[in-house]
Every structure is written in C-alpha cells, then in structure tokens.
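Q: Right, I'll just put the structure down here and ask away after.
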Amino acid sequence: MKYLSEWDQWKRCSSKSWERFVEKAREMTAHLELWRKDIRSIEGKFGTGIQSYFSFLRFLVLLNLVIFLIIFMVVLLPVLLTRYKITNSSFVLIPSEGADIQCTVYPISSSGLIYFYSYIIDLLSGTGFLEDTCLFYGHYTIDGVKFQNFIYDLPLAYVLSTVAYLALSLLWIVKRSVEGFKSNLIRSEEHFQSYCNKIFAGWDFCITSRSVADLKHSSLRYELRADLEEERIRQKIAERTSEETIRIYSLRLFLNCIVLAVLAACFYAIYRATIFSQEHMKKEIDKMVFGENLLILYLPSIVITLANFITPIIFAKIIHYEDYSPGFEIRLTILRCVFMRLATICVLVFTLDSKITSCDNYPCELCGYNQKLYPCWETQVGQEMYKLMIFDLIIILAVTLFVDFPRKILVTYCSSWKLFQCWGQQEFAIPDNVLGIVYGQTICWIGAFFSPLLPAVATLKFIIIFYVKEISLLYTCKPSPRQFRASNSNFFFLLVLLIGLCLAIIPLTISIARIPSSKACGPFTNFNTTWEVVPKMVSTFPSSLQSLVHGVTSEAFAVPFFMILCLVMFYFIALAGAHKRVVVQLREQLSLESRDKRYLIQKLTEAQRDMRNRLD
C-alpha cells in the first residue's frame, strides 16, 4: 500500500471538497433556473419537443438581457451619469469640420403635441416624442464624455459594443450548438441503443414526488412514441418500390418549385411596399387621418407579417404531400420559413439602403446620402426595426386572444356542429413558433446598432411571449398526434438562430462600413463611415503596434492563416472519420461476441438436455 504524504493528502482532500462544492453549487443554481418548474410541467404534459421550444425561448431572454447590459454599460451609462450630474464629468461636443449646413439639418416632428392620437402613433412607430430619446441612434450626438483623468470616446465605444454583442451571440450559440450536436450524434448512432437507454436506464430513481414522477413518466412515453413513429417511417421508406421512389421525388421537385415561386412573390411584395411607404412617409400629417397615417407607417411591417402568416400555412400544406418523417418535416419546414422570415428583413434593410444612397432629382455628392428624405437615416432604420418588433408582438397577442381562445370555446361548446368538428382543437405548431422568435431575435441583432435599447424591448417581448404561449398551450392546444424528439430539435433551433445571426451581420456590416454616416445626428457626424473610427483609433497606437495590426489585417497574413485553418479542419475531419470507423468495428466485434455467447449458451443448453435424456 502506497503511503501518501501530507501534501498529497491535502491535495486529495481539497480536490474532493471542491468537487462536492461544485456539485452543491450546481444543485443550487438548478433550483434558481428561470422558469424551471413551468418548463418541466410542459415537458411532462406535451413532450420534449414542445419543451425544447420554451427552453429555446428562455435562452433568448437571457441572451438579450446580456446584450442590453453590454450596450447599457458601454454606451448609455456614461451618458446618463453625465446628464444627471451623478459624476464630475461633462460632454465633449462634436467639433464642426466643414460639413455643409444643408447636411446638418435634422427637423424632428413635434406633431404629438397637437393630436390626441399622436402619442399612440409615436409609441407604436418610434416617432415624435420617442425619436429624440435614448431609444434611438440620433440621441447620442456627442463626441465623448470628459471625466477627471480621461476622455471617454463614445464613437469608439458605440462601435465596440456592436462588435461585442455580435461576437458574444456567435460564441454563445456555437457553444450551445456543439453541446447539442454531441448529444445528437450519440443518440443518432444506434436506434436499438436508444430504446434500451430509455427502457432500462431512463428513469430517475432520485424522484420522490408523485407529481414529478408522473411528469417523468409522461416524458418517457412521448420519447418512445417519437422513436416508434420514426421507426415506422423508416420501414415505410425501406419498403418503397422504384416506381414509388420516382413518383415521390418528382412530386417533391414540383412542390419545391412552388415554394420558390411563393418566396419570390413575397420578396417582391415587400420591396414594393417599402418603396411606397418611404415615398409617402414625408406627407404632412395634417392631410392624413389616423388610420391612413398608421397604414403608411406600418405598410412594410403589415406586408411582412402577412407574408410570415400565409407562407407557413402554405408550406405546412405542401410538406404533408412530400412524405417525410416528423422530425425531418419540422426541420425542412423551419428551413423554408427561415428563408422567408429572415430574408424579408434583409429585403427591407437592403431596400432602405438603396433609397438612402440614391437621390432621384438632386445630387447626393453633397452629403453622400439622400439627406432630404433621410436627414438621420440611422434613426429611421432603427424606427423600422422598432416597428417590426412592436407589430410582431401585437400580432402574437391578437392571434392568441381573438383566434386561439375563441376557437377553443367553439370547439368545446359547439362540438355537435360538423364545421367545428372538422376545424378541431388547435395543435402547437413548433416550426411556426420557433421561426417567430428567431425572426424577432434577428430584428434585435440588426436594430440594436440603430436603436441601442432595442434588446431591452426584445427581452420584455420574449418574457410576454413565454407566458402568453404557455397559457395558450395549456388551455387552447392539444398534444400533437405526431411525435418527435427534442434531441434533434434543440440543435436545429440553434442552427436556425445561427443562420439568423449570419443574415443579420450582412446588412449591418454594409451599413457600418459602406453607407456614409449621417451628418445631422449621431456620434459619427465627422466620419465618412461609421467604421472609420477604428482606423482613427489604430493611428494613435505606437508605430510598432500599428505595424502589427496592419500586418494581421493584411492579405499576406489572411491567406496563409486561411490555408492553415483549412488544413487543421481537414485533419480533424479525417480524425473524426477514423474514430467513426473504429467505433463501427468495435460495435461489430461486440455484436459478434454476443452471437458467440448466444451460440455457446445454445450448445450448453442442448448438452444439458441430452444429459437429462440419457439419465432418464
């Protein structure tokens, strides 16, 4: 027996104590998890597929809260501390550097003081009294904040906060996606192993509460139903003849052409609606009635919402004729809807960018953009994102209150009518609901630069959506007869969210790096583009550090770095393939050993039977 020194004993005791502390801390934090009880109750009553939607919604609430805290600490807090004289600091105004006087004109509408309904319009559209608040970009028309020992560079902080929240979102999503991919890879390797794990090792023997045991029992039942449903689909596919295979693939090709036609029609309708709204937006409010004003302001949002409402219904009808498994149906429907919902935002932003940088009857060389129509174009883009966010919440609340609950009442108390029998009780559509929150999150990523407080609005919106969807699920919906697992859904939801982030980065990068910044508002009035503040910061570095930064950002460094990344990626792909082949071989050996054991047991049984016969 090896003797341990006092130092080794202390290290071992410390290690065990730390492990116990970490385990207790995890248990404590698990009890403090947001909506833990509600999500577990949903899992037991409606399965892990719907539970994964609410867990995904909880993740977005936390993500937006962190994004808001980043922007608040970096951009808003120094401004508030100075404005309300909490610290001994002062604003550094932006110096005038020869900008034409026409480019610095920014008339803010004050019509909210005249009409009683103007406050409602301002609240819904971000205009009027909200336009010059800290909600939008134009409010931050200062060069910095001067403290006792240093000057806080607000333009640089504004850009870095945008880069920070995009990088944080990317890393957080990738981290969760990798965890989901590992779980998905393990569970998809062997279906028989999945059955065995659920039947023989799926129960948690630490459960002591009867209600928790019922929820766990229901969850396992839903998982087994999903496995059996997918196994039935696999057997059906395996039994297809060549004629049936050709027929189904021809039908899928035709239906995908219809999907592309629907997408093209929606994109064109959004483009025309945005052009019409922007051309008539500057009409005097005195000549408009209340409804006409709201219609003009919200026309792109209305068209986008109608497209988002109609296309999932069309895609859901189409997918039933394509004969896929339930899990793949959800993934394909989400992919189709993601190109619809997220591309509509990109179409809106690119249409606005084209209108901002084009001048019909007067030159744009003076300011670099259409100053007459867009004196502070960043604020107006932020208002469009704000309107999309608010209108999406209004539609969700309206559909729940005026469609879902009346449908439940009619189906429950008028069940003798054949029309309501055919209509039936509503099912919780996971693809449509997931795309709804991904759509809202993409709006938040794009609009957070133009409207710094939009993540706070998104956080409140997702909290409201959680409770509204939970109430709607519990009181108006029924469990879907087609079961599906959450293991694939969790990973795929994050993959769709990652696609939304990539699509959000594209128009945001173009707006920051290519379109001239407004000369009438914002912290970048003395810069040609927003991104110019970064080279200006680099020019203040020491010469050696400047050379290092220029070298890292040059093509001479980027091309070899990209080639090395490709080689490393190919190496890991080959390594993963080799590991997979080894795993397959080990499974084959285990299968052969089990057959050998079964053969030996069979021979032993026969020998014992012969021995008994001889003795008799």
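The backbone N, Cα and C atoms fix where each Cβ goes, glycine too.
According to TrEMBL, the protein carries these features:
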TRANSMEM  56-81  transmembrane segment
TRANSMEM  156-174  transmembrane segment
TRANSMEM  253-274  transmembrane segment
TRANSMEM  295-321  transmembrane segment
DOMAIN    376-487  domain 'TMC'
TRANSMEM  385-403  transmembrane segment
TRANSMEM  445-468  transmembrane segment
TRANSMEM  489-510  transmembrane segment
TRANSMEM  557-578  transmembrane segment
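Show me how these features fit into the shown structure, please.
A: Sequence-distant contacts of the transmembrane segment (56-81) (same chain, at least 6 residues past either end, Cβ-Cβ under 8 Å): 34-35, 39, 87, 89, 134, 140, 142, 145, 152, 154, 157-158, 160-161, 164-165, 168-169, 172, 176, 434, 437, 441, 444, 448, 452-453, 455-456, 458-459, 462-463, 465-466, 469, 490, 493-494, 497.
Proximity of distant same-chain residues to the transmembrane segment (156-174), defined by a Cβ-Cβ separation under 8 Å and at least 6 residues beyond the stretch ends, is recorded for 63, 66-67, 70-71, 74-75, 78, 140, 445, 448-449, 452, 455, 494, 497-498, 501, 505, 508, 512, 523-524, 530-531, 533-534, 537.
Sequence-distant contacts of the transmembrane segment (295-321) (same chain, at least 6 residues past either end, Cβ-Cβ under 8 Å): 121, 124-125, 127, 251, 255, 258-259, 262-263, 266, 269-270, 273-274, 276-277, 280-281, 283, 288, 329, 332-333, 336-337, 340-341, 344-345, 348, 384, 387-388, 391-392, 395, 429, 431-432, 435-436, 439.
Taken as a whole, the domain 'TMC' (376-487) shows an average pLDDT of 81 in this prediction.
Counting residues 6+ beyond its ends, the transmembrane segment (385-403) has Cβ neighbours under 8 Å at 124-126, 135-136, 297-298, 301-302, 304-305, 309, 345, 348, 436, 439-440, 443-444, 446-447, 450-451, 454, 457-458, 461, 464-465, 468-469, 471-472 in the same chain.
Outside the transmembrane segment (445-468), and at least 6 residues removed from its termini, the chain residues within Cβ reach (under 8 Å) are 35, 54, 57-58, 60-61, 64-65, 67-68, 71, 75-76, 126, 134-137, 140, 161-162, 165-166, 169, 345, 349, 378-379, 381-383, 385-386, 388-390, 392-393, 396-397, 400, 436-437, 500-501, 504-505, 507-508, 511-512.
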